[in-house]
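> The structure follows.
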Amino acid sequence: MTKKVYVKTFGCQMNEYDSDKMVDVLNAAEGLEKTDTPEDADIILFNTCSVREKAQEKVFSDLGRVRELKEAKPDLLIGVGGCVASQEGASIVARAPYVDLVFGPQTLHRLPQMIDARRESGRAQVDITFPEIEKFDHLPPARVEGPSAFVSIMEGCSKYCSYCVVPYTRGDEVSRPLDDVLTEVAGLADQGVREVTLLGQNVNAYRGAIAAGSAEIADFATLIEYVADIPGIERIRYTTSHPKEFTQRLLDVYAKVPKLVDHLHLPVQHGSDRILMAMKRGYTVLEYKSVIRKLRAIRPNLSLSTDIIVGFPGETDADFDKTMALVHEMSYDTSFSFIYSPRPGTPAANLADDTPRELKLKRLQHLQATIEENVARISQSMLGKVERILVEGPSRKDPNELAGRTENNRVVNFPAPSAAHPRLIGQMIDVKINHAYPHSLRGELVLAHGDASAATH
């Protein structure tokens, strides 16, 4: 009987990528298959996030819920990975002694060895070291599930923003060699992947050796140019980028590489220079706006999303008003916005915070309502337009229909004959948008002359 692994993921897209790799590692080493039901699992893993306190506490809440599964099935293994694991280490086992494995983002490739050691010794295994890029040398080839895929190009962060735990939980920035990244992307393209998203905590800080041991370094712009030349790759995305690392070379790539999408996630975090300085972000609002102005001169249709923190210690009404002014000026399509959550061990955790939580919540609600208005307005502006989408698979709303994604990351659902589904999935096609909803669109297939038989038979 095939053994199964259940993985619950908290937090960022890097964690989503790491969770997929956990499954790949355990499948290659022990033949485990992924399950969406913890009750069916032989191994349960939590890939955790420590960016906000709520996510961190949710992990321990979930651990409490699976404890009874362990009591009913003593051979069940429970593991905690990700940033909470890096931060808490063995204290997780002290707090939840039924946990068998504790591993950091850089040691997930050691899971099979940790499992063997746990079974042989009967003791919980903890490995939260930072072996730099070793992880990627031990990961099996990715198993493709659709025409889009994520490729991690670097690990860690060296920015040390005053509020952020990532440098402490994932380590400093370490870039994969260029040839390793290109080999992975080419392998994905050979399996039918048409769109890749390049991942990193500060992805545009990429500085990878041309090959392992080489003294010659490729920057992020060079990497994008090489990825664009790989046969089969038709779209390139990346996340998350940092305003401080937006070089002229990267701006030039937007003019030279049409496969790089008209969508950018560029966290600003705040609209007040005073708060940005307290956050140690390393740029001013004017410098941030300058990057966007230059980009939109090259790509007038650029869609922009961001991250914003509300209620950072010392934030005044005037500071928040500056954030709102920036939101209106930038016309953000999406914002991941949250109330500031002090993280132990970070410099900002020691700052005095006398803003009432009710006021922070009111500010957050105002910000999110404004962003939602932007989302609706941008969606409405797409009505009647023909959009190029990558067909990803059956629609979640109606499996008899198909769904794809536009360059600005909108999901488009559209009807298509069932017989045509296998041919259309993984293809770049044109759809005309005829309905706009808050977070998705509906369209109809646009057929070029001579394409009708291919789509209807």
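Residue 1 is the first one shown; counting continues down the chain.
Quick reminder: no glycine exception, Cβ is built from N, Cα and C everywhere.
As the structure is a computational prediction, the values presented were derived from the model and not from experiment.
According to Swiss-Prot, the [4Fe-4S] cluster 1 binding site annotation covers CYS12, CYS49, CYS83. Per Swiss-Prot, [4Fe-4S] cluster 2 binding site is recorded for CYS157, CYS161, CYS164, and the stated evidence type is sequence analysis. Feature annotation from Swiss-Prot assigns domain 'MTTase N-terminal' to 3-120; the stated evidence is sequence analysis. Look at Swiss-Prot and you will find 143-377 tagged as domain 'Radical SAM core'. Feature annotation from Swiss-Prot assigns domain 'TRAM' to 380-447; the stated evidence is sequence analysis.
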> Cβ within 8 Å of the [4Fe-4S] cluster 2 site centroid (CYS157, CYS161, CYS164 excluded): which residues?
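Checked against the 8 Å cutoff, the neighbours are LYS159, TYR160, TYR163, VAL165, VAL166, PRO167, GLN201.
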> For the domain 'TRAM' (380-447), DSSP counts of helix, strand and coil?
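The composition, in the requested order, is 9 helix, 35 strand, 24 coil.
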> Can you break down the domain 'MTTase N-terminal' (3-120) into helix, strand and coil residue counts using DSSP?
66 helix, 22 strand, 30 coil
> Out of CYS12, CYS49, CYS83, CYS161, which has the highest number of nearby Cβ atoms, where nearby means within 10 Å of its Cβ, if these are the binding-site residues?
CYS83
> Excluding near sequence neighbours, so keeping only residues 6 or more apart in the same chain, what lies with its CB under 8 A of CYS157 ([4Fe-4S] cluster 2 binding site)?
CYS164, VAL166, PRO167, ARG170, ASP172, GLU173, GLN201, ASN202
> What's the CA to CA span in angstrom from CYS83 ([4Fe-4S] cluster 1 binding site) over to CYS161 ([4Fe-4S] cluster 2 binding site)?
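On Cα coordinates alone, these residues lie 16 Å apart.
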> What's the number of neighbouring CB atoms sitting within 10 A of the CB on CYS164 ([4Fe-4S] cluster 2 binding site)?
23
